[in-house]
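Trainee: The feature transmembrane segment is assigned by TrEMBL to 23-48, 55-77, 97-116, 136-154, 193-212, 233-256, 268-287. Marked as domain 'G-protein coupled receptors family 1 profile' by TrEMBL: 37-285.
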Amino acid sequence: GNHTQPEFILLGITDTPWAQAPLFGLFLLIYIVTLVGNVGLMVLVWVAPSLHTPMYFFLAHLSLADVCYSTVISPRMLTGLLFGNKTISWAGCVTQFHLFALFVTAECHLLVAMAYDRHVAVCHPLLYATAVSPRACWQLVAWSYLVASLSALVHTSCTFGGSFCGPRRVDHFFCDASPVLRLLCSDTRGSEAAIFALATATGLGTGAVILLSYGRILHAILGMRSVPSRARAFRTCASHLVSVSVFYGTLFFMYLQPASRHGSRDKVASVFYTVVSPMLNPFIYSLRNKEVKAALGKCRRRM
């Protein structure tokens, strides 16, 4: 494509002057909590032998993906809110979108791996040691990043492969596919169809596997005789499903609708899966668990 113009202009979340400072404070707080929660969980899983299990292995990689794609988005957004610096180079825009697509897609597949882990643990406990061995865990994580890398390459090629003309004003707070495609001079129907097909295959495919796994888990939980165990397992599954529903719901809203229906509500939906969801995941998936609390207590006593 014609990439002679050196910069894009990110219009940001809002152009209302009085809203810039409050939004900066809110999103800075959320980003700090995201970093502390996710990095803290990764360090805890690394140093605590009691957490060297497949479930926390997948959780550590989920936290890594959350930190990475949140860091790809949030610092740039905070800079724009604080200093009003809305320009981003063409290379920076491509890199931001590519990394964002990579880690978001990796998170979808990591959620599948976590659902598989819980399904085997609850429904087939006697096969757990062999079905979720350390080698199998590494293979699932490697597969997640491999598929995500290939998917991100296709997304990036389709989004930035055409010719740009006129002012490069991206009506978003980061370089996303839909607002960037609106700036292309060339016909975008092929690119939009390819992105839609890939997003549909990734989102609906991984989402269906997760729902099927948790459906089997809930069925097994309802068959438990111990009421306290049933209630504890049900609360864990319910909280996980809430997090998955928020993440997938906003992704489906953004990428599984025609390009003509995209509008100002896209920014609100994007905030949920780029800013809010990475902050909530450590609390929903791990920090409520007794094992994590016990590991935190041991680390505190050692310090």
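Count begins at 1; order follows the chain as displayed.
Any Cβ shown, glycine's included, is placed from N, Cα and C.
Note: TrEMBL annotation is automatic and uncurated.
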Trainee: Limited to the domain 'G-protein coupled receptors family 1 profile' (37-285), I'd like the whole-number average of pLDDT.
Mentor: 86
Trainee: Six or more residues out from either end of the transmembrane segment (268-287), which same-chain residues have a Cβ under 8 Å from its Cβ atoms?
Mentor: 13, 27, 30-31, 33-34, 37-38, 40-41, 56, 59, 62-63, 66-67, 69-70, 73-74, 100, 104, 114, 172-174, 176, 239-240, 242-243, 246-247, 250-251, 253-254, 293
Trainee: Which sequence positions outside the transmembrane segment (233-256), separated from its termini by at least 6 residues, show Cβ-Cβ distances below 8 Å to it?
Mentor: 104, 107-108, 111, 114, 118, 122, 176-178, 195-196, 199-200, 203-204, 207, 210, 214, 217-218, 221, 224, 266, 269-270, 272-273, 276-277, 280-281, 284-285, 288
Trainee: Could you pull out which residues elsewhere in the chain have a CB under 8 Å from any CB of the transmembrane segment (136-154), counting only those six or more residues past its ends?
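Mentor: Distant contacts of the transmembrane segment (136-154): 54, 57-58, 61, 98-99, 101-103, 105-106, 109-110, 112-113, 116, 194, 198, 202.
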Trainee: Would you kindly list the residues that approach the transmembrane segment (97-116) from elsewhere in its chain, counting only those six or more residues past its ends and only Cβ-Cβ distances under 8 Å?
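Mentor: Same-chain residues near the transmembrane segment (97-116) but 6 or more away: 55, 58-59, 61-62, 65-66, 68-69, 72-73, 132, 137, 140-141, 143-145, 147-149, 151-153, 155-156, 159-160, 174-177, 180, 202-203, 206-207, 209-210, 213-214, 240, 244, 247, 251, 273-274, 285.
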